[in-house]
């Protein structure tokens, strides 16, 4: 059964009465943004391997890098607007607009006739993905059932590898095609996740914290009941959670904790909270995973795996491996703690980078005489590197910032985290 629920915005909602069904829809709607980002990284890995793509655009190392990195230009610009959009328009409308912009980018990318059009398309795509991804992360952290919030929000970015796995399989399948659809088809399929998000949006409610902040108290209480107790507004858990939301936001307003972005920068306490909360963005990026995420083909070349079909298969296996690692990591950060997991993972990543560099140097010095053990050892450590990254940074990117930041800086704080990630990428 569906119940028409007020949203406080122009976007209506017909919400399922079952909390389990609603929780499933909440994760799907929020996670498809991570699927889009994961799809993009894996797709570009595949496309950079395909001769039909590199020959069509007459790619050089410079234009290959431009085609790949242009999505980060959009990802750099998107967070500048996403925080304000999410706070003013509402969480759901921001997700909708971000998804629509992403679809425009996908269409332009699929129809690209030259490098310039492809680059512009990817900037638009990166902008839309950033807006919807940030809004989705804030939305899920504020709306998901309190009992399973850590696991649910941790899963949000785990879906990165679901999208990546789809892309790896599709590029492997189209890689044998002789036409330009060998790369256009994977580009077109990237829009599936945004379409799915738009379909789900009318069946999920607005964030209860956003509703309380804008004076829609009764609607907020109903949403808390729908997300925690099958719509029972008198359930003790619902009463406690609703009271906590109201009291916290009231205290923030009375104590002057409701701040504009400029006020956050000027206030030492808020600035410290912001810097701590946004740390997963830059820390995850400087680990070096961008190289493996977008240039796997080049990495495998340095390791001695040069056959394009073998590289595409390696891309599929890598994403399956990373998906299992990030699911295990989501459980680990919930049980062991956020900082402990992140510190251990970062140490292991540094060790892996040194080993990869050493083995690649051994192969490069004598590619014809290099033993198979060097080649397979290098590839194995590449897989370990991506697996270690997935254990901590994949779930923490969207789990840690909303936990550390209070309501008034949450959207802008997560936006700043993604801004720094894309700036460093």
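Quick reminder: no glycine exception, Cβ is built from N, Cα and C everywhere.
TrEMBL entries are annotated by machine, without manual review.
These come from TrEMBL:
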DOMAIN    26-425  domain 'Major facilitator superfamily (MFS) profile'
SIGNAL    1-37  signal peptide
TRANSMEM  58-82  transmembrane segment
TRANSMEM  94-112  transmembrane segment
TRANSMEM  118-139  transmembrane segment
TRANSMEM  159-177  transmembrane segment
TRANSMEM  183-204  transmembrane segment
TRANSMEM  274-296  transmembrane segment
TRANSMEM  316-334  transmembrane segment
TRANSMEM  341-359  transmembrane segment
TRANSMEM  379-400  transmembrane segment
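Comparing 94-112, 118-139, 183-204, 316-334, 379-400 for CB pairs under 8 angstroms to the transmembrane segment (159-177), the maximum falls on 316-334. 94-112 is the stretch from 94-112, 183-204, 341-359, 379-400 with the greatest number of Cβ pairs below 8 Å to the transmembrane segment (58-82). Over the domain 'Major facilitator superfamily (MFS) profile' (26-425) the predicted model carries a mean pLDDT of 85.
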